[in-house]
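Chemist: Handing you this structure, nothing more for now.
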Amino acid sequence: MTNIRKTHPLMKIVNNAFIDLPTPSNISSWWNFGSLLGICLILQILTGLFLAMHYTSDTMTAFSSVTHICRDVNYGWIIRYMHANGASMFFICLFMHVGRGLYYGSYTFLETWNIGVILLLATMATAFMGYVLPWGQMSFWGATVITNLLSAIPYIGTNLVEWIWGGFSVDKATLTRFFAFHFILPFIIAALAMVHLLFLHETGSNNPTGIPSDTDKIPFHPYYTIKDILGVMLLILVLMLLVLFTPDLLGDPDNYIPANPLNTPPHIKPEWYFLFAYAILRSIPNKLGGVLALVLSILILVLVPFLHTSKQRSMMFRPISQCMFWILVADLLTLTWIGGQPVEHPYIIIGQLASIMYFLIILVMMPVASTIENNLLKW
């Protein structure tokens, strides 16, 4: 009798994706972040579901409903902080996952990579709308500033912004629709993640060397299931350290002040995981130019496969490209720092230089480094 996991229509899908999946024998811990993102998504959907049971998406009661969750609902405080800090863990894993893809040349799987970029955009949209829901000062002003950016679109901009707002300012209609979208998007993300996996399993995983590993594959279970469980345990450990010891470390104190349209906070800034893009937006003195730079800072990932000039896939044996990659990482950390600083000297010029460097490294320096390395191979 054949094993049920290989014959049952549903079990067969699970088996081919998580049990008998042929996997390269040498993939490192950098390949753990895919499964960690899956865990983060499940965690966010579950905690979010329980929060939605007690939350009210009305401007008059939203802030107090979040307070009610933290004070009066059984374990409401831990659910709320797991959800808020879970988003931070989600983005840490996302950035690591994308960084791994860039370093080891995983972007040559075009369909997988492009769906990954769509997933990144969808996750950013979800996180932004979730940040608006507690209806604190930073929620309100963040929503006002970011949605207002669309008014930079020529001709239709103003109409588009008012259409998104559902009125002439960020108000009840905006909050209600953001709650609706914030609830539905994670399920769309889950569906897209399935498609992401589907395309990945068409080609099989990449590995640190970037060399095809068809001659040396091992089953996913037990080798990588146990490795993933270790990753998940570390993720939960870090998350719970954050939640139980410093739950507000990554948040903004201004969000504990109820939203007030008549009082602008001194420094409007998004959550830490958007600061790099926010710094790029602010570094251009022109509104439309800033918006374009903001969008391109993420969409530039779509161009990466076409900018790959190297004869080798991975950066493992390419020291000049490695150097460029780590300069890019340092540049992104600089942008993240600048995004949280006020708009004054010397932060303005640092932000502008870091923004120029960001695009220069990806569009010019990395392809040039690859070409130099190709020529060095001939020596």
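Backbone N, Cα and C define each Cβ position, glycine as well.
What Swiss-Prot lists as heme b b562 binding site is HIS83, HIS182. Positions annotated as heme b b566 binding site by Swiss-Prot: HIS97, HIS196. Annotated ubiquinone binding site per Swiss-Prot: HIS201, in sequence order, evidence recorded as similarity to another entry. Residues annotated as transmembrane segment in Swiss-Prot, with similarity to another entry given as evidence: 33-53, 77-98, 113-133, 178-198, 226-246, 288-308, 320-340, 347-367.
Quick one: where do these features end up spatially?
Modeler: Cβ-based neighbour count (10 Å, all protein chains) for HIS182 (heme b b562 binding site) stands at 21. According to DSSP, HIS182 (heme b b562 binding site) sits within a helical segment.
For HIS97 (heme b b566 binding site), the count of additional Cβ atoms within 10 Å of its Cβ stands at 21 [all protein chains shown]. A helical conformation is recorded for HIS97 (heme b b566 binding site) in the three-state DSSP classification.
Around HIS201 (ubiquinone binding site), taking its Cβ as the centre, 14 other Cβ atoms fall within 10 Å, counting all chains.
Distant neighbours of the transmembrane segment (77-98): 30, 33-34, 36-37, 40-41, 43-44, 47-48, 50-51, 66, 69-71, 116, 120, 123, 127, 130, 235, 238-239, 242-244, 247, 250-251, 271-273, 301; these residues of the same chain sit at least 6 beyond its ends, with a Cβ under 8 Å from one of its Cβ atoms.
Using a Cβ-Cβ cut-off under 8 Å and counting only residues 6 or more beyond its ends in the same chain, the transmembrane segment (226-246) has close neighbours at 29, 32-33, 35-36, 39-40, 78, 81-82, 85-86, 88-89, 93.
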Chemist: Return only the integer: C-alpha distance in Å from HIS196 (heme b b566 binding site) to HIS182 (heme b b562 binding site).
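Modeler: With the alpha carbons as reference points, the distance is 21 Å.
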Chemist: Quick one: find which recorded stretch in 33-53, 113-133, 320-340, 347-367 has the most Cβ pairs under 8 Å with the transmembrane segment (178-198).
Modeler: 113-133
Chemist: Report, in whole Å, the straight Cα-to-Cα distance of HIS83 (heme b b562 binding site) from HIS201 (ubiquinone binding site).
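Modeler: HIS201 (ubiquinone binding site) and HIS83 (heme b b562 binding site) have their Cα atoms 30 Å apart.
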Chemist: Same-chain Cβ contacts of the transmembrane segment (33-53) under 8 Å, 6 or more residues past its ends?
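Modeler: Tertiary neighbours of the transmembrane segment (33-53) are 69, 79-80, 82-83, 86-87, 89-90, 93-94, 96-97, 100, 130, 182-183, 186-187, 189-190, 193, 228, 231-232, 235.
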Chemist: Sequence gap of 6 or more, C-beta under 8 Å: which same-chain residues meet both conditions with respect to HIS83 (heme b b562 binding site)?
Modeler: GLN44, THR47, GLY48, LEU51
Chemist: Do any residues of this chain, six or more beyond the ends of the transmembrane segment (320-340), have a C-beta under 8 angstroms from a C-beta of it, and if so which?
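Modeler: Same-chain contacts beyond the flanks: 99, 102-103, 269-270, 272, 274-280, 282, 310, 347, 350-351, 354-355, 357-358, 361-362, 365-366, 369-370, 372-373.
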